[in-house]
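Asker: One structure is given below, represented as structure tokens, and several questions about it will come after.
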Amino acid sequence: MAVFACWVFGALFFATLPAGSGERFLVANALYIGAAVFVMFSLGHAITGAGGRQRLLWCLLGGGVVANFLGDLGWSGLQGGQLGTQGASYQHAAYLVSYLLLVAAMLLLVGLATRRITLVTGLDALCIMLSAGVLTWYFFLGSAVSATGAAGSWEVLSVLSWVLFDAALLFLCLVVLSAPGKPPFTGALTLGFLAFAVADGLYLASRATGSYENAGWPDMIWVLGLACLGLAALDASPVAPEVRARIEPWRVFLFWFGPLSPAVHLAVVLLWGATHPPLPSYAAAGGAIVFLYLALRVALVSSASRRLSEEQEELARRLEGGRVLSELHDTVKQGVHGVSLTLRSALDAARRGEHDEAAQMVSNALRASRETEFQVSRPYDELKTSIHGEGSLRPREYLRHRLVKFEEYFGIKTHEDLQAPLDGLSPMETAAVYRFLVEAFWNVAKHSGAGNMRLESRLVGDLLLVRVRDDGRGFDTTNPPPGLGLDYMRQRAKEVGADFDAISAPGRGTTVQLRFQGRG
């Protein structure tokens, strides 16, 4: 806030001074020097505090600012004539290097804050520069410089490129600002490049109309942009993308119908050219290039989306695999320990001559070993589906296989009635269904006392139901007994956006189900 307060105070004092006066020149230079010192100190702090690719980011930004300062050393000498009358100079080259470094820095930031869209974003920025250049030349710059006979000169194209680079930088900032994993300094960075765009736009307009004055408002706004860059550097922090989140569709919509959209730029030019012929050849060529790129962009976005989906599915499999391995370890450890203790007690009873009690203990150990076998085979099968997708078994076949095993282990009659296919579920949703069913099966085996268990799926409108029913003793849902895992099943459903229901009453069996919306 102190930085902005200093600029506002300086700008108000600047506005009270006569245009073209020496006092204005001194005030503008004082603010410029102060902003330059501040931004260089802030960038140095960011560079020393960062590492890896993020240090490279701040080095590129710092290099761009330094190159701009080198160009500013001879700034006043460039303003002596009308736009288009100056030849090539080292200042123009320094500004070009400055903008190239800034664009490289922003592309690196896009790569840090997002996933798989850096190439498309860079091509979008080039497309914006092309369409904005056609729009600016067609409506403003072309007619302004044609009278001087300087159209196409080095200086005109150089000054125009500043505005186009500003548009590209602002677009890249907006991409990072729209990313779910945007760093906290993005806002200040966006304000800085917006100030540069406004300052360069005002400078270009005043030079084209011959109304530019040395140390004018473009210079003051440029100082504000430097201050914003310094604030962004002071707020430097690690940048990491969020793997599962993407730029929201409404933000994409606003861009393609907003002031930076190449489609909007070319639509304005073509509509105006259709009503005010003839259309210049450069405008038609620019439109053709943009339309061809938009066709290419569809393929690039489709490829990037497919690769992102594959990465997310792979991440889901790895997370599920890690969870299953942890559960497998706990299950084996607890099961083997319990069987070992029971057999040791049976051996002790047999030594004491208590054969009936020993036989009962052996029977308990046998039952516990079969339960452990079921518990071990359950996460093992899930681990295979987590790592290899669904493997050779589709959901229906996999669940039938589990029902057969369940009946063999526990002697409870199983019935499969999967009327709605489950193949349309995502990998994470399929894993959640498997975990839900395993917990439901275990409840039937351990707590229900049921003779029959039914696995069903139904599609009711746009609602997909997956449920397990038994004819056991049931329970009071208002006061369920502990150990049923209802909270666990509800949490698994919540993780994938599904709803969980438990329907039961004492003596009337139990039904548990998952509800997936929008499956019609």
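Each Cβ is built from the backbone N, Cα and C atoms, and glycine gets one as well.
Straight from TrEMBL, here's the annotation block:
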DOMAIN    432-516  domain 'Histidine kinase/HSP90-like ATPase'
TRANSMEM  29-49  transmembrane segment
TRANSMEM  56-78  transmembrane segment
TRANSMEM  90-110  transmembrane segment
TRANSMEM  117-139  transmembrane segment
TRANSMEM  159-178  transmembrane segment
TRANSMEM  185-205  transmembrane segment
TRANSMEM  220-240  transmembrane segment
TRANSMEM  252-273  transmembrane segment
TRANSMEM  279-300  transmembrane segment
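Thinking about packing and proximity, how do these listed features fit into the structure?
Answerer: Residues of the same chain lying 6 or more positions beyond the ends of the transmembrane segment (90-110) and with a Cβ under 8 Å from any Cβ of it are 53, 56-58, 60-61, 63-65, 67-68, 70-75, 78, 117-118, 121-122, 125, 154-155, 158, 161-162, 165, 168-169, 172-173, 175-176, 183, 239.
Proximity of distant same-chain residues to the transmembrane segment (117-139), defined by a Cβ-Cβ separation under 8 Å and at least 6 residues beyond the stretch ends, is recorded for 103, 107, 110-111, 160, 163-165, 167-168, 171-172, 175, 260, 262-263, 265-266, 268-269, 272-273, 280, 282-283, 286-287, 289-290, 293-294, 296-297, 300-301, 304.
For the transmembrane segment (220-240), the residues of the chain that approach it from at least six positions outside its boundaries are 3-4, 7, 10-11, 14, 28, 31-32, 35-36, 38-39, 41-43, 45-46, 49-50, 54, 57-58, 61, 65, 109, 112-113, 181, 183-186, 188-189, 191-196, 198-200, 202, judged by C-beta separation under 8 angstroms.
Long-range contacts of the transmembrane segment (252-273) within its own chain (CB-CB distance under 8 A, at least 6 residues past either end) are made by residues 124, 127-128, 130-132, 134-135, 138-139, 167, 170-171, 174, 279-280, 283, 286-287, 290-291, 293-294.
If one looks beyond the transmembrane segment (279-300) by at least 6 residues along the same chain, the residues whose Cβ comes under 8 Å of a Cβ in the stretch are 119-120, 123-124, 127, 130-131, 133-134, 137-138, 142, 262-263, 266, 269-270, 273.
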Asker: So what's near the transmembrane segment (159-178) in sequence-distant terms, Cβ-Cβ under 8 Å and 6+ beyond its ends?
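Answerer: That would be 83, 95-96, 99, 102-103, 106-107, 109-110, 113-114, 117, 121, 124-126, 128-129, 132-133, 136-137, 141, 186-187, 189-190, 193-194, 196-197, 200-201, 203-204, 207, 247-248, 251, 255, 260.
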Asker: What is the three-state DSSP composition of the domain 'Histidine kinase/HSP90-like ATPase' (432-516), stated as helix, strand and coil residue counts?
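Answerer: DSSP classes over the domain 'Histidine kinase/HSP90-like ATPase' (432-516) add up to 27 helix, 30 strand, 28 coil.
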